[in-house]
Number of protein chains: 2
Amino acid sequence: MALTWTKLVFLRRLGCRWSPLSVAAQHLCNDANIQIAEEVAKLLELKAQIGDVGTNQKFILKTPKGTRDYNPKQMAIREGVFKTIVDSFKRHGAETLDTPVFELKETLTGKYGEDSKLIYDLKDQGGELLSLRYDLTVPFARYLAMNKINRIKRYHIAKVYRRDNPAMTRGRYREFYQCDFDIAGQYDPMIPDAECVKIVHEILTNLGLGDFVIKVNHREILDGMFEVCGVPADKFRTICSSVDKLDKTFWEDVREEMIEEKGLDPATADNIGQYVKMNGGLELVEQLLQDPLLPTSKAAKQGLEGMRTLLKYCQIFGVLDKVSFDLSLARGLDYYTGVIYEAVLKGSEMLPTKTGEQVGVGSVAGGGRYDGLVGMFDPKGKQVPCVGVSIGIERVFSIMEAKAQAKAEKIRTTETDVLVASGQRDMLEERLKLCTELWDAGIKAEMIYKKNPKMLNQFQLAETTGIPLIAVIGEAELKNGTVTLRNMETRAEEQIPRADLISVIKERCRQISSS
Amino acid sequence: MALTWTKLVFLRRLGCRWSPLSVAAQHLCNDANIQIAEEVAKLLELKAQIGDVGTNQKFILKTPKGTRDYNPKQMAIREGVFKTIVDSFKRHGAETLDTPVFELKETLTGKYGEDSKLIYDLKDQGGELLSLRYDLTVPFARYLAMNKINRIKRYHIAKVYRRDNPAMTRGRYREFYQCDFDIAGQYDPMIPDAECVKIVHEILTNLGLGDFVIKVNHREILDGMFEVCGVPADKFRTICSSVDKLDKTFWEDVREEMIEEKGLDPATADNIGQYVKMNGGLELVEQLLQDPLLPTSKAAKQGLEGMRTLLKYCQIFGVLDKVSFDLSLARGLDYYTGVIYEAVLKGSEMLPTKTGEQVGVGSVAGGGRYDGLVGMFDPKGKQVPCVGVSIGIERVFSIMEAKAQAKAEKIRTTETDVLVASGQRDMLEERLKLCTELWDAGIKAEMIYKKNPKMLNQFQLAETTGIPLIAVIGEAELKNGTVTLRNMETRAEEQIPRADLISVIKERCRQISSS
């Protein structure tokens, strides 16, 4: 595609990086198309605002593109999912830590290959140049190097940021949670690597999302494969990025990209095509170790032997049935050096292909070994070998939400035990007093913030929010020194002496929660 | 101070907003000084980097200015603090929700008065213009307007961002947590407002941070005070910002700022000085209602009557002893319309003043009523009255950390119950098998990721990380179908038949945790 000078100037204005020696024209256009689409969206928004002049609203009432709020019901689901995940991390002895949402820009530089363009930068307002974190792995490596830690097993649950094209119905956001588990330290081969597979297996099983497969591959097998297929060494990374697209698109398209865009020899591409079709278990490892071509690469041979060990440990952990050694798995990030993982839900949304086959898009976890990353931060280049997995839970949330809706489950968003109520006028101070008694005894209690609320409204509040008990006071109760306690489900009412109220409520709550 | 043209150009280049009609020269210089300091820091960093050329480190290994990592021990403390706070929020019937870390820039515009300059903007990379959230209140108001919610009681715990001058030893950061509790809805006066005071009281009491005072004031009392003292109406907000500094600086300095910088008449400033010295309880409200000047303002009279109601409810809630009606309390944010709060730890770090008096700097919570904020977002300007408090817990973390260090408490950072170990060679697969059994039964277990670890190293790991039990296997145990279970504290060892292992471990864990 020919690029005119005017177009180039326009592209530069849009912030395209331009290096005439290294960037293919078509690639540049792809980058530019995303940015043009965004500029158009911006103009449309401006137009919408102009249309609104005259009303009070001076701007669009929305969250930024690719982000969302969580309402209380979604939060209840989210907290349940987090608990399942954290329970598993803790069962395997992990500590937790936290890092800032932004890092020095240079901390992230050179870690993400072609994905670097998706990093959010902060505006230069004087001071350091900052970027929002793109994942939790690079901040973890920075933390290890900065604190000279060479052994830790930690989890980190936090939001990360990618200026990607969002597909929110499929759980793909620009702000999303990652739940990372990583093991740093010099250990014997594949033991921590296999524990990561075990953890993913545990979490996906406990979340009850249906059948899944954990794909595994090895950077050295990929590199060896590229080597024996005839890929020039300086193209390993970019060809790896192409292979990485095989989970979302088809071999024909990937092949075309390799040849047209990245200048690969068609025969070399076809060689790669033969290998990336393969997946299996221990028998595939043995088969490939007997392959006439692949083990001629030292890297591939080492990788295959590592894979054999990994699968053996997975067998002992009782998870081998869900593991698939898959030569098409090639995560794009630059920093992986050994095993790589990706877990996919089976039977999740499928994209029908031109040829009738189906491509799953349900990746819910990924990770791998990155032995060189910490050394990139250490002043003396000291290495700390690391391996880890990241649970991409936005998709999990989407599925859990859909499930909850389908079951029409009533999800409580508060934990209130008692509503303090009265059907009579001028009881505000008495209700305030009773609430104070309950709160001070550690009981979860609420009241309506009105001087004289209607009894019906108070019953309705308890009903709609699922509060199990109502404590009613009025003239009669005050005179008798009692409170009327009503069970919302059974409609039973009992007169409780004020002095016994706390212990009776606690007893009733125990009965209700165990029933 | 005279400003040359060159200096002005320089200041503009630094990003200073410049409006010759409204900004005093000295104010501009203050802004510029912060930015100059940052530019100098940036240059020093660059210099340090150049000095490092030749080593592997191409950049400074640090977190961004004003931010920090949390290590596992700090996380353990943090999680304990969060639990106390969330328990209190839930005790009062709150739901929770979450919003993105950034908002459209225009969502934040015009909400923070003079503090707006502290907002972090994201770089324009094509697309929407975004800013990091400055607090959780504005995103909450945006959420209510966007979803047309006119009644909710919610809490939100998340990080907010302010490009302020950090003072990290005093717990002042650029990235810090806020724990917000807010009540939205049309209710009878001061009932939810008083519950917010109750909640702050509960949380500060339960955190055990020592004595504290919850200062309260009212926007209408402040406005009325400015009115009767002779402040021109268009200067209310900026004079309010000056009064806001009284918790950190001295009346003489605030007076000077009012007169020199903001052009207030000295007599007017002295009038204000008489009022802002006052603090007390219900008796001060009654005294001021009898004041010859203050109740001549309708706003002040209304505010004082509201204050009387608030303090009465605080009395019923049993918290009045910690509440101080303080006329110097004047939170700077533009959006407050009614009651304002600020909780301060007594006996926390004090700054001795020129005159020998002391000024506390221990603010740990703040908030107020903001009835107009949601209407700023609603297309038709529909109002939703809101009141809330925000617990600023970075300072609380600092205190808790110092306490933990002083007590030399051993804080466990993992929850592992059992270390699976062996003193013999070639037991790796057996250890893996035993771990699998324990994990699959829900027991928290770990092992060292080595083929043949030394027994001593395994004991040391259990010792240093506080793992209470060790499960030892070897040739003898395998032959007998047993496991040796060792209690790390009592050093007691027992031979457990493999079939009983799970139930025995669960029983031992129960005994240990209850002892």
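Glycine residues also receive a Cβ, built from the backbone N, Cα and C atoms like all the rest.
Taken from TrEMBL, the feature L-histidine binding site covers B:ASP135, B:LEU136, B:THR137, B:ARG162, B:GLN178, B:ASP182, B:ARG331, B:TYR335, B:TYR336. B:THR137 (L-histidine binding site) falls within a helix when secondary structure is assigned with DSSP. Sequence-distant neighbours of B:THR137 (L-histidine binding site): residues of the same chain at least 6 apart with a C-beta under 8 Å from its C-beta are B:ASP180, B:ASP182, B:TYR335, B:TYR370, B:LEU373, B:GLY388, B:SER390.
Confidence over the domain 'Aminoacyl-transfer RNA synthetases class-II family profile' (B:66-400), given as mean pLDDT on the 0 to 100 scale, stands at 91. Residues annotated as domain 'Aminoacyl-transfer RNA synthetases class-II family profile' in TrEMBL: B:66-400.
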- Item | Distance in Å spanning the most remote Cα pair of B:ASP135, B:LEU136, B:THR137, B:ARG162, B:GLN178, B:ASP182, B:ARG331, B:TYR335, B:TYR336, given for L-histidine | 21
- Task: List the same-chain residues at least 6 positions away in sequence whose Cβ sits under 8 Å from the Cβ of B:GLN178 (L-histidine binding site), in sequence order, or say none.
- Result: B:ASP135, B:LEU136, B:HIS156, B:ILE157, B:ALA158, B:LYS159, B:VAL160, B:SER390, B:ILE391, B:GLY392, B:ILE393
- May I ask which residues of the same chain, at least 6 positions away in sequence, place their Cβ under 8 angstroms from the Cβ of B:ARG331 (L-histidine binding site)? B:ASP244, B:ILE340, B:GLU342, B:GLY366, B:GLY368
- Item | Residues near B:TYR336 (L-histidine binding site) in space but at least six apart in sequence (CB under 8 A) | B:ARG219, B:GLY368, B:ARG369, B:TYR370
- Task: Could you tally the C-beta atoms, other than its own, that fall within 10 angstroms of the C-beta of B:ASP135 (L-histidine binding site)?
- Result: 19
